[in-house]
Amino acid sequence: MSSCKTTLSEMVGSVTKDRGTINVKARTRSSNVTFKPPVTHDMVRSLFDPTLKKSLLEKCIALAIISNFFICYWVFQRFGLQFTKYFFLVQYLFWRIAYNLGIGLVLHYQSHYETLTNCAKTHAIFSKIPHNKDANSNFSTNSNSFSEKFWNFIRKFCQYEIRSKMPKEYDLFAYPEEINVWLIFRQFVDLILMQDFVTYIIYVYLSIPYSWVQIFNWRSLLGVILILFNIWVKLDAHRVVKDYAWYWGDFFFLEESELIFDGVFNISPHPMYSIGYLGYYGLSLICNDYKVLLVSVFGHYSQFLFLKYVENPHIERTYGDGTDSDSQMNSRIDDLISKENYDYSRPLINMGLSFNNFNKLRFTDYFTIGTVAALMLGAIMNARFINLNYLFITVFVTKLVSWLFISTILYKQSQSKWFTRLFLENGYTQVYSYEQWQFIYNYYLVLTYTLMIIYTGLQIWSNFSNINNSQLIFGLILVALQTWCDKETRLAISDFGWFYGDFFLSNYISTRKLTSQGIYRYLNHPEAVLGVVGVWGTVLMTNFAVTNIILAVLWTLTNFILVKFIETPHVNKIYGKTKRVSGVGKTLLGLKPLRQVSDIVNRIENIIIKSLVDESKNSNGGAELLPKNYQDNKEWNILIQEAMDSVATRLSPYCELKIENEQIETNFVLPTPVTLNWKMPIELYNGDDWIGLYKVIDTRADREKTRVGSGGHWSATSKDSYMNHGLRHKESVTEIKATEKYVQGKVTFDTSLLYFENGIYEFRYHSGNSHKVLLISTPFEISLPVLNTTTPELFEKDLTEFLTKVNVLKDGKFRPLGNKFFGMDSLKQLIKNSIGVELSSEYMRRVNGDAHVISHRAWDIKQTLDSLA
């Protein structure tokens, strides 16, 4: 059986109609001679269908197959069960080697050099006139050499075989040698494959336990299911690919057929070599014999070697590697990151028992591997003293806590680019933050799986006498399956996808399209399905230990939640909400019963959604009974009440506290000063009266007395007051005069007295050297300016001008000592208010408050974050 891209069965051979009912054309590989392939039949029909013509070889093959059962009976009667089992085991190993090594070598040379075809041409095996009768031949017509007789015999035998096998209308000499060689090659394939199958079945039959109690159990039920599934795989595969791909036809000639992916080829890569061998494991379950299981594993593994070293190289030479631009997108992103960031190196990745991309100059790599080595050595050296209960708790808590940490990072990164912002604000690059994430994620995987391996190993070691060998091997197979899934996933999505690169470097994505190559052609989320089978394998290995079941459930749930509630919403946001149906989904929905169930579920879902929508409408119906503008009037009344409360002046005609131009401007953008006009009856005025600036939210609880400190945001009403508090009060008092009835003045709050924080504020006039409130101003708003961020130069210009006015800039550097109210936090808030980026205090101190560096850094971060949007 051959393959293309993944298998020939999936590409060139994927013709779902019978070759006899459609006009399929073929051409030879080297000479490009076109022809119409003859009608052929599958292996079973060719050998056992009495309505079809049989050649001599086919009769011999059928006889050899049937004779196996008589030989089995005779050997069993004469030598006993054990000898018979080993006798057929040796036979199976012989035919398996003949299959994978023998046929493999023949196909290897046929693929590279067309050895069989050239041999047939050289010796005129399928010609009317043999070479020894050709005038140009070097052979003498009277030669009696053994070689001549041998090839004449081969010529006559092969021609007789084809004539006795094919219909009368088949013209042997009208077809090119390639098709005739292929027809003869099929005969030997039939012999090897049928003998391989029959000897294996006899060996398994002899290994089945005699006790009915041992046969009728859950293992046998599962085994029968796997066998039936295996039969369906084989039948459906032949339905799709026909004999051409089944017998490696493209090693001899090429069919011109449409590419149709159907049936079993939508479920698994290389289905004939992967799920096509599940029957092996079904029979092993029924036998409950680890020896049968080991033989099955050997047969399956040798088939994968055949695929790797024979079929795949041929397919790549003949059809290319089957990759397209979409499948290479993530790989190109990895290359682009390396190209644009000279200090970037590929991350350390743990794959099974190996580490990839180890960098001897990267400390985190040593830390990761050192952690694994320390844990393993510690477990081995202290195996007798480790309390398994404490170790279980350690594994459980480590997995849960680290998963919560990882999930939180991914969720916040998806929502607000939190992780990237954290590093950008501290002076690092976007790619550097991604590198740190790569270390964190890989370390999380390495740590949790190392602890799981240690715990499972100690569980097996402490209870080895009760461990079932077959369960142990099946568990290891599941571990191998998960390792394979991880490797295939990484191969399909590259390092960029493996480390959730679209969460951190979405600006590197040029094509917003999800890959459907490799394992993602069959499963949408392989990591959620096959990514935990190895953990369930530990359940088998430990004979269904409760603690391992708990850990397996934890692994499964955390995987599911991460994919369902974090990864999938983010993918929809980045690539669009397109429903991608996997190959497995297509095949299952193609089955009528499952399609009907799916339709029923969809209808139920629509009914539930409709009922919820109707309920929501009914619950909102009460609001329609209220006046149309009821809610608007309610909000307006609240605003009026607050305004009335804020104006807390006494009922004296000379009590006044007003902000200049308050009718025009209620929002003061810093560094604009706020000028306050006040008036007080002369009998109430005290030279120690003072005015404080407060946040409304801090003082609204008490209108008669201020119970919070002003924090230095206050001014005297007279230049002669509070002389020991410095000159700033004299500078803020810009005017004061007295008449017979009242005293009035003007106070200006500039950047030396104002808050540098967005909010609603009010002024309070206090009596004497106390906190008794006499007057309260109308609330007003103070806000930080929005600087020009069109270019980094304009942003720097506006920033330096503002800092100069606030008196915190010296020699181009931020110096907070110039204004005690404008500190590092105020600068951070100013930048965030203008450009939406928050730099860390540590970073600004690291660059010595350089306004040029800070402004350009903030602008660069803004550009980076915008590109991620």
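Keep in mind that glycine also has a Cβ here, set from the backbone N, Cα and C atoms.
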Any idea if Ile286 and His314 are on the same membrane side according to Swiss-Prot? no
Across the topological domain 'Lumenal' (311-362) the predicted model averages a pLDDT of 82
Counted with DSSP (H/G/I as helix, E/B as strand, rest coil), the topological domain 'Lumenal' (411-439) has 23 helix, 0 strand, 6 coil
Counting Cβ pairs closer than 8 Å to the transmembrane segment (464-484), the top stretch among 87-107, 188-208, 363-383, 535-555 is 535-555
**Asked** With pairs 6 or more apart in sequence, are the transmembrane segment (188-208) and the transmembrane segment (56-76) linked by at least 3 Cβ pairs under 8 Å?
**Response** yes
| request: Could you check if the transmembrane segment (440-460) is in contact with the transmembrane segment (87-107), meaning 3+ Cβ pairs under 8 Å among residue pairs at least 6 apart in sequence? | output: no
Per the Cβ under 8 Å criterion, with at least 6 residues separating them from its ends, the topological domain 'Cytoplasmic' (209-212) contacts 287-289
